[in-house]
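As annotated by Swiss-Prot, active site, nucleophile applies to 44, with the evidence given as sequence analysis. Marked as substrate binding site by Swiss-Prot on the basis of sequence analysis: 43, 44, 45, 46, 89, 94, 95, 96, 100. Positions annotated as NADP(+) binding site by Swiss-Prot: 164, 165, 166, 167, 168, 169. What Swiss-Prot records for 79 is site 'Important for activity'.
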């Protein structure tokens, strides 16, 4: 029952992460047939496969091999717990990663041990945030994107065009509405755009095919879609003024060459602003680390007991079998009334239980 992790961490360059992009459900289904237990955690900044076994359930492309992280045993547990608590995020303590770990546990986790591990990770993530208040301030990537805009221009009254109405896009819109921006939104599925309109009446809906017309007249353009290709191409942007482009997508949705004529920020650029806000949360780290170490001990105790669970069950069943056999032999050799037989049976079971219990506790102590 060897616990392992293989994947790409948050420090992996975007162009490498793009080479290891996949549909979670299809990828998860393909791995399930290759190993007894597996879990897939995919976010904007990481691609991680947790599994039980000695052999990696996938072939690593030589291009991404230099960036691969591999962990085993307690290091896997500590890594996931740090991830769920937001200690391994671009934004220290950010809440979105906890939702992503929870999603993995619910939809992309297979096997008793990994289910237990991810359940503990989700529980710990909630405990860490509740006890320390590390997420008191909204420091998600979407929030940092808006703060980045505020450092460049006064948002109030400015035309800001948001492409994509998923979770990230919705958060951006929420922050922009509170700052009085003139917001335009577009989504390939127009129905979803109207759903956002119900949530934020201030927004204006743009047909996806008309997006370039509005891009050219915008002060800021934010892309937050799940498209596997460029949604904004440099040659189609017709504007003499400097437009601030922010690409919150993975893979990237805004053609990189656009920065030759305009201002472009990607997920990597947000790291600089995140450092400023991380200082507000640094004091909480030691408390969370203590919570992590306590939870690691709890999980490892459970994990180690699983290795001897079958042995313990065997001993208990064998003891019951031997007691039954001895009572059967005794009842045939000695004529006893029912009451006497019950008393002997009770005493024999009690004695056996104490002996078995002693040995089981000894085994547990040795393992733990």
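The backbone N, Cα and C atoms fix where each Cβ goes, and this holds for glycine too.
Largest Cα-to-Cα span within the substrate-binding set 43, 44, 45, 46, 89, 94, 95, 96, 100: 16 Å. Listed in sequence order, the residues of the same chain lying 6 or more apart from residue 166 (NADP(+) binding site) and placing their CB within less than 8 Å of its CB are 224, 225, 226. DSSP classifies residue 164 (NADP(+) binding site) as coil under the three-state reduction. Fewest Cβ neighbours within 10 Å among the recorded positions 44, 167, 168: this applies to 167.
Counting other C-beta atoms within 10 Å of each candidate's C-beta, the binding-site residues 100, 165 are led by 165.
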